[in-house]
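J.: This is the structure, below, for whatever I ask next.
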Amino acid sequence: MDNAQLNAFLQNPETHFPDFSITRGFDSEKCDLALNLDNPTSAMDEGEEESFADLMLCDSNSRLIPSGFSKSNCTDEIVMFINAGGEALNETDSSMKFLGDNYFEGGNVMQTNEPINEAGDCPFIYWSARIGSFSYRFNNLPPGDYFVDLHFAEIINTNGPKGMRVLSDFDIFSVVGANKPLQVVGLRVSVKEDGLIALRFEGVIGSPMVCGICVRKTQNIPVTQGSQEYLKCNNCAAEIEVSSAQMKLVRTKVTDKYEKKIQELTTQCQLKTHECHEAWMSLTAANEQLEKVRMELDNKIFLTRTLDDTVGKQAENLKNITSSYEHYKKYWAAAVNNLQEKIKIMKNEHAQLSHEAHACAESIPELNKMVIGVQALGNIRVFCRCRPLSKEEISTGSAQVVDFDAAKDGDIGILTGASTKKTFKFDRVYTPKDNQVDVFADALPLVTSVFDGYNVCIFAYGQTGTGKTFTMEGTDQNRGVNYRTLEQLFLIAKERSETFMYNISVSVLEVYNEQIRDLLSTSPTSKRLEIKQSAEGFHHVPGIVEAQVENIKEVWNVLQIGSNSRAVGSNNVNEHSSRSHCMLCIMVKSKNLMTGECTNSKLWLVDLAGSERLAKTDAQGERLKEAQNINKSLSALGDVVYALATKSSHIPY
């Protein structure tokens, strides 16, 4: 090679003389490591124009070993062997000691359970590593020459899912493959008086994984000192001397070239990283959208199944309703036929009762008329209550003349002789054993119908001393129909309070000697009270006191006031006989909260004065006049009921 060729090579070594490589003598004061991770041998064999600087190692004696540590290959004295990222270990079959990772600065620890292929005699070295940007410092070493061996490993699942790797200046994978070790051995270093060896893995692109560092004592091998450098032809082995200044220029140009390449690759890496990030974000968005669509599809499927189940249940319900309809259709048809048969039987019984009522017409004319009326009016019921004998009657030897053998069927017999009796038919017969509760139980359906808008009247009719006032009013300990009726009305009003609103008021009247008296009036008045008929056809007494009641306590007070104001007197039949007709009127105003419909209805509870035979009562003067008026009014009541029953054109109200 002449001087012109040499100068041309030094100016542009990348494009001139590809058959030459460059080496230099070993500088014992500096240990720099530069590894090109492409395969240099194959590149030169194929004749590509790769720079000879790609083959450069600062220490010409160092070499790469694509396998793990082998004791047989290590003949020098081992000063220390650092298990990077791991703990101190002792070999059981030798005197080798592996020191713990205590000499580092910076970096992180990586450990794995992955099997390492071709790991050599000590595979545990490659199960841990120090990664990142870090350095090692070994102090207090005797001055002299040492060899430093670096042990690397490619662990394929580092920093990501299995199969992903981090590219770095130390791309072990491209040299040995996955999960395999790589040794860089024979890096020669000279220790001065300070006794320090410093290894820096700082500013390296990626994350190099250093599994172990072995420091060996060198043998006394002479080393060629100096800065003599030369070019050697690969074909003819001819050597051409090159000055240090020229060689430095070559290295500078080559370094600049690779710095530019590194910069370009770094830029490309950043672009690819950005593209990968965008692709990852796009994939994430697509996955989120897919998940959203999947959830919507699941919701639609669930809704469809729910609708199918609902349709199935509705179909089953419709089938059940149809079946139930057919069943009840047959049931009610049979019930209607049964009722028709019962109606026929009741008509026959009605005719029989009518015949029996006529039989007792001569004995009690007024009762006969009323019974006839009741037989004709289907919405009127007649109950008969027989009181027990009083103490006076028992003391005088009086005997019971009423036969209750057929009382359950509504029949009573009046003994008229030793073996003869007259039978009377009623809707219900109460014997002396029946109490106030039994009497009110049969009156309850009539009472509750007031809340449905019907007008109802219950009156007690009978001779003086038969217990009419006791049945209607009762006592504090044994309340009668009046109190129990109002108590039941308030109970029903409370039960229906969510759908109905009720307003209840009461008034108490007395008809005495053909005169109407207001028993709740606190001040006497000379104004005559009269019965009037309203435009709607109802009868009422203008000017009477209507007491608003909110609870049963207020009701009892009102009833007591009316009872105390009633006219009573004594006669031969009853010492405290009621000498007037007492009428308790309960007015109910209701409003349906759902429909807004309003109704007004009245419930009359009447305690009639006792009917009397004038000769028997021995009444005279005022009492005689009272008895005559009482019998007259009771007879008039019988005439009204009879006229209603016979549908007479004139009702003698």
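Including glycine, each Cβ sits where the backbone N, Cα and C put it.
Keep in mind that TrEMBL annotations are predicted by a computer and have not been checked by a curator.
Checked TrEMBL, it gives:
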DOMAIN    379-653  domain 'Kinesin motor'
BINDING   GLY462, GLN463, THR464, GLY465, THR466, GLY467, LYS468, THR469  ATP binding site
J.: Tell me, if you would, which residue among GLN463, THR464, THR466, THR469 (binding-site residues) has the fewest other CB atoms within 10 Å in the structure shown?
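T.: Fewest other Cβ atoms within 10 Å, among the binding-site residues GLN463, THR464, THR466, THR469, is found for GLN463.
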J.: Taking the Cβ of GLY467 (ATP binding site) as the centre, count every other Cβ atom within 10 Å, in any protein chain shown.
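T.: GLY467 (ATP binding site) is surrounded by 17 other Cβ atoms within 10 Å.
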J.: Tell me the Cβ neighbour count for LYS468 (ATP binding site), meaning other Cβ atoms within 10 Å of its Cβ, over all protein chains shown.
T.: 24
J.: Note the mean pLDDT of the domain 'Kinesin motor' (379-653), expressed as a whole number.
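T.: Mean pLDDT, the domain 'Kinesin motor' (379-653): 82.
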J.: Can you count the other CB atoms that lie within 10 A of the CB of GLY465 (ATP binding site)?
T.: 17
J.: How many other Cβ atoms are found within 10 Å of the Cβ atom of GLY462 (ATP binding site), counting all protein chains shown?
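T.: Here the count is 18.
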